[in-house]
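To start, I am sharing the structure in question, which I have written as structure tokens.
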Amino acid sequence: MSSGDRQPRVDADVFAIDEEIGRDLARVDWAATPLGAPAGWPQSLQTAVRILLSSRFAMWMAWGPELTFFCNAAYRRDTLGRKYPWALGRPASQVWAEIWDDIGPRIDTVLTTGQATWDEALLLFLQRSGYREETYHTFSYSPLRNDGGALVGMLCVVREDTDQVIGERRMATLRDLGSDPSVVRTEQEMLAFAERQLNRNRRDLPFTLTYLFEEDGRARLAAATGITAGHPAAPRTLSSTEPGALWPAGRLLEGESVRVALDGATVPELPTGGWPEPPTEALLVPLPRQGGTPYGFLVAGMNRYRALDDDYHGFVELAAGHVATGIASARSYQAQQRRAEELAELDRAKTAFFSNISHEFRTPLALIMGPLEELRIRLHGAERSVQEELEVIRRNGLRLGKLVNSLLDFSRIEAGRMQARYEPVDLAAATADLVSVFRSSMERAGLTFEVDCPPLPEPVHIDRGMWEKVVLNLLSNALKFTFHGSVRVTVRTEDGQAVVRIADTGVGVPEQEMPRLFERFHRIENVQARSNEGSGIGLALVKELVGLHGGTITADSALGEGTVFTIRLPFGSAHLPATAVVPAVTSTTEVSTSAEPFVQEAQRWLPEVAEPATGVEPDPSAGEEFRFGHRRAGTPARVLVADDNADMREYLIRLLRGAGHLVDAAADGQQALEIARTEVPDLVISDVMMPRLDGLRLVAALRADSRTAGTPVLLLSARAGQEASIEGLEAGADDYLVKPFSAAELLARVRANVELARLRNHHARWRTALVDSLQEAFFVCDEDGTVIEINAAFTDILGYGPEDLRSGPVQPWWPDREREPEAHRRVVEAFEVLLGQSHGSYTVPVTHADGHRLWVAAAFNQVDDPDTGRRMVVGTFRDVTAEHYAVQRETALAALSVRLSQADDLTDALHGVLDELRKLWRAAGVMAAVFDGAHAPVITATDPRLRWDALPEQRRRGITALRDRPLLTPVADQAGGAGIAVEHPHGTMVVWIDLGEKRPFTDQDQTLLALLAGHLGQGLHRVHQIDQQRETALALQRAILGPAQLPAGFAVRYAPAARPLKVGGDWYDTVELPDGRIGIVVGDCVGHGLQAATVMGQLRSACRALLLQDSRPGQTLMALDRFAAQLPGAACATVFCGVLDLFTGELRYSSAGHPPAVIAHPDGTIHLLDQGRSRPLAVRPGLDRPEADCVVPARATLLLYTDGLVERRRQPLSSGIAHAAAAIQSGRATPIETLATDLMDQMAPEGGYDDDVALLLYRHPGPLELEFPAESTHLAPVRTALRNWLDRCGLAPANAYDVLVAAGEACANAIEHGNRDSPGGRIRLRAAATADDLRLSVTDTGRWRPPQPAANTHRGRGLVLMRALMDTITVTAGTAGTTVDMQARING
Amino acid sequence: MSTPLSLATSRRPDGTPVLTATGEIDMSNAAIFAAALADAVDPEGVHLVVDLTAVEYLDSAGLAALFPHAECIQLVVTPLLEPLLTISGLADLTTVHRPGPDQAADSGG
């Protein structure tokens, strides 16, 4: 064959460029292809093959009528897989048969139009690893022409993006799963949320099933994506013990992950998810629970087009982890919710109780009132006293009925069972009619009663019954508290609403009481009123009733001037429940019987018309007829009765007169006092609660007056709350009676008291009794501050009795000066106020006798002792510990939240929180032990030296026992400490507070600790979650960023913004161009987060591909302009793009609005690359971009960076750049990797970078790295390479020669012992330069031969030469080989 | 690839024998150099001039070949090699010349 001679030569030429691929290409039977034998190939084909083979970027090409397939080594490695070498020389349509539908049309386009194609991350299913594989490729097909210029083939430059695309997709799912779980409240909501997120990634998770373990060990299907619950593969419940089940729940219960193969036979009709075919495998992972069995497990159908590798496995586990965390949060929240509901349930029970008891009262009441009415009719005309008593029964029956009805109304409102009937009513007329029933009472009270109710434009919907209660309550209130002036009722239209005002000129409401005016059972004490009777529910009921009408009630009041209640009701019925609205039915003039009790009650507050209240003469006949007359009083006495309830007053009068006493009566304490001063009675019987002057004050006033100081007083009270404090009195003489009492008892006590009083003066007794009956603590101290008297309440509150009092100001309840200096200081200050001012008040911390802390609010007055004339201080105080701690709790919670939110990680959070707890309890130390399953718990403590092993055995046992107790249940220790178990992300955590002294840990403290611990547990989980999220985010960002392999001489860094940690849009890149030069790129996209990272990834890929097509930086940036203009979020990114010749150091660059690169010369001068600058990307696409040239000199350092490195608040950018330049200038003698680390450290602001930072460093020339067989024949080429490199380092010839010889000697030595010990050994030579020195290392695989001059003179001589020629020599001998490190300074 | 080295013997007009080495001398070819030296040296006769002017690399292997003959040879070297001879002590044992038109200048002078 004539071509037989030529063929080998051509083969060698075309295919020899790549040894490996070339060899396999040469084996192809080319003659059998349309291309024929290579000898006959046209020049254009040969050139194309050469370009292909010499490129290190993945490429393949197709040529000729069948589009015969060629590829290079990079393509084989990245993409071709098992198809190599089968694919070589075959038609491309066979090679890529499985994706021909995708790529065939593109190739046709190239071949018909000559236009190149561009596809970004195109999904292609490749059959290259034994299965159809999901892959993504960014590639460009460009046309190839033959020698005649005709289109005959195409070249594909391709980068595989599979890892990046899949990585971003999984990252998105994990981020979505982890996104703001605070909106998720219940487990159901949380599972639905997770379901939505998992469902969005049907490619990685074609279907998922979330099973939760029930208490009985079964697993219940709680969520499913991509598959319907109840499908054969998605049973609604699973047994964990059933052996043949599809999903082995039992193994997951034990925390295992399980892979389950799915085939169509066992599980027919599986859903396919985001793919055409169903999964062939499922991965089951547990939903981990800290320190317990899993919550359940996640079944994930696997993408059949991806191998189930570590990444995939890890992704599914992270997803399950997120679901588990969500469940943990939801369950914890649910538990709290349940506790709140239990409290609400208690409240409901209370309401139900009131409701029931009210009903129970109504029945007997009805049975009293009914027969009573009969009796009244029947006994009409009977004697007066009988009629009067019947009247008393009737009035009080009505009153009791009113009270019960009010309570019942409340129960109904609370239970939502108030049956309202809202009818349209002429509100003005209805109100006027209603109030008219009060007219006579008002007039009898001497008040002007004004009713001004002009007709309103339209009716108002009201429930008549309710409205009556509203108006009557308010009117009766007005009458009760008004002594002079007027009560005025008006009805108006204001702002489109009906407004009813009831205004009085009464006593008014103190300002501090206004907020609680409408509070149920709240009564305003010590206010002058016509009667002290009242339940404290009237106004509260009014407010509820007005609220049911969709209206509002407000009160304005000024003390001593009066009160105005304003009710606003909307017109129409739109605001009312439609079912409760009825047409007008009731006659507008009728006032229901409910007004009767109100009017009756009010009448009794007013002066009697027929009977004057005072100076009642004894009726001689009354005694004879008296029904209770067991026995006449031994000695008739003059008795003064003071009671504001007329019925009670009259009852007492009748009783006492019946016993033969002379009786005076008064309607309140003031009146009684006046009577007593006029004529001193033998005995005073007084109610405790009275308007104007109450019983206790009456007693005090009587005692203060020497004439009445010895008069015995018998107090009557119905207030159960005071019974306790009265017990002291009851032990002695009977001068206190609790209602109800029997007539006989009263008379007996009257007699006894009168007689006793005549025998001795009760003054001292009374004083003590009075003081002791005070509910507030009472004290008297002398002018030195010595406490000389205290009452029982004082002892109750502080735990110290009179026997504990000390002389001098410092009392045992003062906080300790040494241990609690702050509390001590407050008491001292308060004490000065006490002695220095005539009156005042203060709140101070004091110490109870048992050691616990109390807070008391005290008020005091200075008085002069009438006997001695000395100045005394009299004071009272009240225990406000609960209020104080409520405030403290809020403060502590806030402080804890701040600590948790500021923490960078779990450890930091825990440290902060422990510190906060220590301060809060003024504890000696606080520690946390986390039981994460290891032998000993992990200890964090306020004392950094604290070790678990060093703790006393008893403490260790105590803490371990706490671990096993229910969570969030505080346990206090007698020895002065308390602990609680909290859920920590790594396991159960026990927090132990060491008070350091025998100090009680009170109930208050325990409540606070439980509250804080609950908060802490949640907070730690949140911190942990954020921790994990940012780890994941950062790992994925780094995976997207930068080339895995950097060319020699480069160092790169990326750091995210530190606080809050944000990944972002900065990147660096190096691109090995086909001509051997290196493209270097540093860029910065606008913004942070996933969006910016995605834009960054695309810009980076595009810039890479563009540089490979056209290695001019300006052109590259212009093309990138066009790309960025199409990519949302890419506009205004800044990029520095350069192309560097590694041999000459020549750099051509162009900057799109990016900060200038910096060159630090070996002599220390700095050069900024501030030419070739133009606008950021996509600002004016199409406009030319300038380029500039420069040379990176030998041993100079080049720095590219993003603005995060240099930008600082309130500093010009130029100062940051100068700072960075100075840093590389001073580090120019530092190895490049070390310099990169140093630079990032030096430039970091305190607290870390505010913005993300990318930087790229290069020192010219890059290090030389050679590896060669340990044979002397290789020495010459190694020397040549080293000589060239030294030349590029700019070394003077003599300097270079020294290095050459030293290196030669080291290599020769390595060959000698390399040959001796292991023939076929290899030698590695590495050389790197900094600004002013050179470092060389020669490493072999043998053992260093110690110099033995006697045996081998010239080897020894070699070492002498090396030492003489280099500055330092270090020999490191190890078992694997020997390394000689040499260093030489560079001269000049 | 072996280290390039060519050796030639000649005589000066005055009859002095000259061994001229061109290339590089390292352990791979030092034996050849040593053999050529042994051939050219005449211990009894006139000192052999070893002209290393065209030697671009010489290390301890080359020096080891020169040392045994130190007393019977004169060396002609470029300044590049001179420090090597001094460090190794060879310069003390033998006469070293700089290359020059006369080729006779003594390095010591």
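Even glycines carry a Cβ here, placed using N, Cα and C.
Note: TrEMBL annotation is automatic and uncurated.
According to TrEMBL, the feature domain 'Histidine kinase' maps to A:356-573. For A:638-754, the entry in TrEMBL reads domain 'Response regulatory'. Taken from TrEMBL, the feature 4-aspartylphosphate covers A:D687. Annotation source TrEMBL lists domain 'PAS' at A:770-805.
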Do any residues, 6 or more residues outside the domain 'PAS' (A:770-805), come within under 8 Å Cβ-to-Cβ of it, and if so which ones?
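Same-chain contacts beyond the flanks: 696, 699-700, 703, 721-722, 725-726, 728-729, 811-813, 831, 834-835, 846, 848-850, 854, 856, 870-879.
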Provide the three-state secondary structure of A:D687 (4-aspartylphosphate) computed with DSSP.
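The residue in question, A:D687 (4-aspartylphosphate), is strand (DSSP, three-state).
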Please report the number of other Cβ atoms within 10 Å of the Cβ of A:D687 (4-aspartylphosphate).
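Summing over all protein chains shown, A:D687 (4-aspartylphosphate) has 25 other Cβ atoms within 10 Å.
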Per DSSP, what is the residue tally for the domain 'PAS' (A:770-805) in helix, strand and coil?
14 helix, 9 strand, 13 coil
If you average the pLDDT over the domain 'PAS' (A:770-805), what number do you get?
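In the predicted model, the domain 'PAS' (A:770-805) has a mean pLDDT of 80.
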